[in-house]
Each structure stands twice: as structure tokens, then as C-alpha cells.
Amino acid sequence: MFPYFIMLIFCGIPLFFMELSFGQFASQGCLGVWRISPMFKGVGYGMMVVSTYIGIYYNVVICIAFYYFFSSMTHVLPWAYCNNPWNTPDCAGVLDATNLTNGSRPASLPSNLSHLLNHTFQRTSPSEEYWRLYVLKLSDDIGNLGEVRLPLLGCLGVSWVVVFLCLIRGVKSSGKVVYFTATFPYVVLTILFVRGVTLEGAFAGIMYYLTPQWDKILEAKVWGDAASQIFYSLGCAWGGLITMASYNKFHNNCYRDSVIISITNCATSVYAGFVIFSILGFMANHLGVDVSRVADHGPGLAFVAYPEALTLLPISPLWSLLFFFMLILLGLGTQFCLLETLVTAIVDEVGNEWILQKKTYVTLGVAVAGFLLGIPLTSQAGIYWLLLMDNYAASFSLVVISCIMCVSIMYIYGHRNYFQDIQMMLGFTPPVFFQICWRFVSPAIIFFILIFTVIQYQPITYNHYQYPGWAVVIGFLMALSSVICIPLYALFQLCRTDGDTLLQRLKNATKPSRDWGPALLEHRTGRYAPTIAPSPEDGLEVQPLHPDKAQIPIMGSNGSSHLQDSRI
């Protein structure tokens with residue numbers, strides 16, 4: 001938690017504010033905003049690549065949550081007992097153990113029962129076997145794809161259809177849906193929290209959650225994980241913040257928004273920890289083991305440890321339905337943002353009349369492509385690939401992209417210019433704390449974490465499975481595929497920029513485009529004011545916005561007028 005809060009204060013909130021102000025000022029997506037310094041447009045392409053990777057595998061997580069949600073619609077949860085066809089002789093269920101002890105747990109468990117209940121002594125729980133042998137039918141190697149799990153494939157189709165329908169009218173439709181997907185999980189969390197803290201042993205779980213392990217504070221991996229979690233939780237460097245902020249009104253107070261949203265978001269994460277560990281403490285108390293032995297990480301927590309704990313509660317299918325419904329809503333809220341980021345970047349980049357009118361077809365095309373690319377992740381080796389993408393495609397590349405974004409805006413475009421832009425938009429300059437973080441603290445922290453993470457790098461594993469070398473290489477290639485966009489596009493821009501010398505080309509490639517600035521004519525004041533009043537024949541070099549982004553009719557570069565109406 002200590003590294004988590006440090007990263008929140010010195011990296012999370014400042015970068016969140018930077019991305020919101022960046023997108024809101026230009027009213028463009030993650031590609032269009034780089035008119036600020038065309039040479040760094042590769043940062044926008046890197047954000048698109050990251051969002052693509054996350055969008056592909058994140059919907060697979062949602063589809064598994066859908067699968068568990070549908071499986072919970074029964075009188076007895078299918079992972080409660082060991083009497084199913086897929087169970088092995090090593091299976092030892094919590095409820096089975098309860099029956100063996102006549103429903104009561106003695107202070108000291110017999111050695112043979114303790115042998116069964118201890119994870120370190122070959123015990124496999126029914127929830128683990130349900131997850132591994134029935135839901136996934138897990139293969140023995142990442143290269144052995146096996147068959148596509150048709151139930152998961154069907155749930156993947158359901159999740160993509162839901163995402164598409166919620167985005168069929170862009171932010172106008174998703175904005176209404178998010179009122180529900182963003183608020184209802186709080187209701188479920190509170191219900192589960194009240195139920196969890198009233199259980200015997202919940203206090204031990206919460207104390208395990210809150211007790212610091214100071215020996216880990218010097219591990220670079222802990223700080224790297226904290227940084228990744230902040231970036232992942234707040235959505236920094238995905239392009240989603242820039243995209244959503246581009247739909248804001250120009251004078252919206254995004255500084256207030258960024259502080260409130262960041263703190264609320266991270267407070268929710270901490271609150272969710274109490275919910276999780278109160279249940280895990282109850283389960284540890286029931287089994288007579290330490291909380292660390294029932295806690296898990298990654299998909300094992302959501303689909304093995306917590307579902308197993310839910311089987312101990314009265315009316316367990318109800319709690320299971322609530323839990324997985326909450327996971328689905330939280331996942332959909334993220335997926336909306338990812339898909340809208342890609343669609344908005346495509347629409348803003350093309351920017352012609354046809355694509356503005358056919359945005360729904362672009363959304364459909366992206367959704368279909370995401371579904372097709374997600375099919376391999378529903379195979380028997382799908383979980384291996386999902387974790388590979390999660391660990392490499394969207395981890396350290398996020399911090400690299402954010403670091404370069406900070407440097408390009410603060411030092412290439414110029415911090416004084418950017419502070420003046422914010423003052424023109426909000427009516428005040430950014431607080432001194434944010435100015436210092438943007439210029440010095442945030443890039444420095446990100447850089448050092450990146451260095452130490454590389455020094456203390458350890459290859460990815462899944463339980464006891466060690467990933468082969470070729471899979472790790474693919475992981476690094478996925479990570480580099482987003483970062484490499486930045487130097488490649490910079491070279492491309494240098495080659496196409498006018499200039500007699502390399503230095504001259506460098507200056508021309510990094511200075512703002514003539515059409516950089518607020519998108520609407522009424523906001524182009526000060527140094528952005530046109531020197532000659534534009535006429536309908538001449539137009540203005542401002543890319544036309546698609547119909548969600550402005551509040552008044554504007555004249556685009558192609559001479560067409562777009563009536564814009566936004567309530568975001």
C-alpha cells in the first residue's frame with residue numbers, strides 16, 4: 001500500500017490531470033492531439049497498440065465472468081463439492097472437510113485432515129479443479145492450444161455484443177450505460193462487505209491485508225507492481241483518458257475532475273481489499289490455516305479462491321451471482337473506454353464526412369476484429385496467452401509511454417506554453433505541485449522504476465508452470481510493439497519534414513502544427529486567434545470533429561458544417 005499511495009500522489013494524479021487537460025484542450029483523440037508536436041505522434045500510436053492488446057484479452061476476462069455468472073444460477077454451486085466427473089482423487093473440498101468434522105472445526109486438526117486441507121500438501125480444491133479441468137480444460141503447455149472451449153467462445157460473443165450495443169451511439173449511449181456500470185458495483189461491494197465483516201475470522205483477514213511487510217519495501221518489483229497498478233487502475237497511457245476528455249466542454253474544470261476521480265478510484269480499490277480479505281480471513285479460519293495460504297493472485301483470486309470462499313456462505317449462489325455480476329459491470333466499464341479510444345482515434349485521424357456519418361460501422365468493425373483476435377484465448381492454452389499479454393503487452397510499456405509524453409509536452413512543446421494553454425482553458429495555471437511533478441518528479445520516478453524492474457526481472461510463471469523462452473520472447477515483442485511506434489514514427493516524420501539540415505528538420509518536426517489548438521473557433525483566442533477572419537470558401541485548418549464533440553456548428557476544412565451536441 002505504501003508504494004501504491006506514493007505512486008498515486010506523485011505519478012497517478014499528475015499524469016491523470018495531464019491527459020485530461022491534453023485531450024480536453026484539443027478536443028481530439030490520442031492521435032489528433034499530437035499536432036502539439038507531430039514528431040511524437042508515435043506516442044499516440046503506442047497508446048492505440050496498448051489499448052488493442054488490453055481490449056482483446058480484457059473481454060476474455062469478462063467472458064469468463066459471464067460464464068461463472070451463468071453457472072451460479074443453480075441451487076448448489078458446481079465448484080462446491082468433489083463429486084463431479086471432472087474431479088480428481090486429490091480433490092478435497094472445504095464443505096467435504098466440514099462434513100468430516102461434523103460441521104465444526106476443532107482447535108487442532110488431525111494430521112490426515114490437515115494434510116488434505118493444506119495447499120502445500122497436494123490439496124486441490126473443487127473450485128481450482130472446476131477452473132482448471134472443467135472451465136479451461138487447461139493444456140500442459142502454452143504451445144498446445146488444443147480445442148476452443150465453445151462455452152467460453154459463446155460468452156465471448158455475448159460480451160462483445162453487449163459492448164457494441166452500449167457503444168452503438170458512441171459516448172451518448174455509453175455515457176448513459178456507465179451511470180449504472182460505475183455505480184452499481186458500489187452497492188454490491190457494500191453488500192459483500194457487510195456480509196464479510198460479520199463472519200468469524202474476518203478480522204484476521206483484514207489485519208493480514210493491513211499489516212505492512214517492510215522487508216518488501218526495498219524490492220523493485222513491489223514498486224513496479226504499484227506503478228503498473230496505478231497506471232492500469234487510472235487508465236494512464238492507454239489513450240482512453242485523452243479520448244474521453246476530448247468530449248468535454250472546453251472550459252470544464254478537468255483539474256477538479258482529475259483529483260476527485262483519482263482519489264475515489266484508488267479509495268475504491270482499498271475498499272475492495274477489505275471485501276476480499278474479510279472473506280479470505282473467514283475461509284482461513286474455517287480451514288485452520290494462515291490467510292496467506294488461501295490468498296491468491298491474478299485470475300486465481302477471482303475464479304478460484306473467492307468463489308471457493310463463497311461456497312461457505314448461506315445461500316451461496318446468490319452471493320456468487322452478485323460477485324460475478326459486479327465483475328462483469330466493472331469489466332464492461334473499462335471495455336467501453338478501450339473500444340471508444342480505438343474508434344475515436346480512427347475517426348479523428350480519417351476525419352472525412354463519410355467516416356463521421358458511419359462511425360457505427362467503425363465500432364462494429366473494431367468489435368468484430370476484437371472478437372476474432374480473442375478466439376485463441378478461449379482455447380485450452382488461452383489462460384497462458386492471456387497472462388502473457390497481461391504481464392508484457394500492458395505493463396512497462398505504459399510507463400515508458402507516459403514518461404515520453406511528459407518529456408515531449410514539458411520540454412519539447414515547452415512547459416510555459418502548456419501552462420498558458422491550461423490557463424486559457426481553465427482560467428488558472430496548474431498548481432505548483434503539478435508543475436513540479438510534470439517536469440521533474442513523475443518522469444524521474446518512472447525512469448528509476450523502469451531501470452530497477454529490468455535489473456530485478458524474473459520470467460513469468462503461472463502456478464508451477466514455467467513459460468518457455470520463445471513465449472517470453474513473444475511477450476517482449478508485444479511490449480516493444482507499442483514502444484517501437486515512437487522512434488519509428490519520429491524517423492518517418494523527420495524524413496517527410498522540410499529542411500535543409502537535420503537540425504532544421506528536427507525543429508520543424510517538433511514544433512506545433514498550424515492547426516494545433518482549441519478545435520472550436522470561439523475558443524481560439526490569444527496566440528491561437530486566426531490572423532484573417534476565415535470565410536466559408538477558404539475554410540480553416542482545423543480537422544472537423546465528429547458530431548459528439550462540439551457545442552456549436554463549426555466549419556471544417558472540407559467546407560462542411562457539423563452540428564455538435566455534447567452533454568459529457
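Cβ atoms here come from the backbone N, Cα and C positions, even for glycine.
Candidates considered were CYS63, CYS82. The record in TrEMBL pairs CYS91 in a disulfide bond with CYS82. A contact links the transmembrane segment (392-413) to the transmembrane segment (433-455), because at least 3 Cβ pairs that are 6 or more residues apart lie under 8 A. In this chain, the transmembrane segment (433-455) lies close to the transmembrane segment (6-26): three or more C-beta pairs between them fall below 8 angstroms, excluding pairs fewer than 6 positions apart. Counted as Cβ pairs under 8 Å, contacts with the transmembrane segment (183-210) are highest for 318-339 among 47-70, 150-171, 230-247, 318-339, 360-386. The list of residues near the transmembrane segment (259-284) in space but at least 6 beyond its ends in sequence, with Cβ under 8 angstroms from a Cβ of it, reads 1, 4-5, 8, 12-13, 16-17, 94, 186, 189, 192-193, 196-197, 199-209, 229-230, 233-234, 290-291, 293-295, 301, 305-306, 308-310, 312. Segment contact is absent for the transmembrane segment (230-247) and the transmembrane segment (360-386), given fewer than three CB pairs below 8 angstroms at sequence separation of 6 or more.
Most Cβ pairs under 8 A with the transmembrane segment (360-386) among the ranges 6-26, 47-70, 318-339 are made by 47-70. Of all the Cβ atoms in the protein chains shown, 17 others lie within 10 Å of the Cβ of SER233 (Na(+) binding site).
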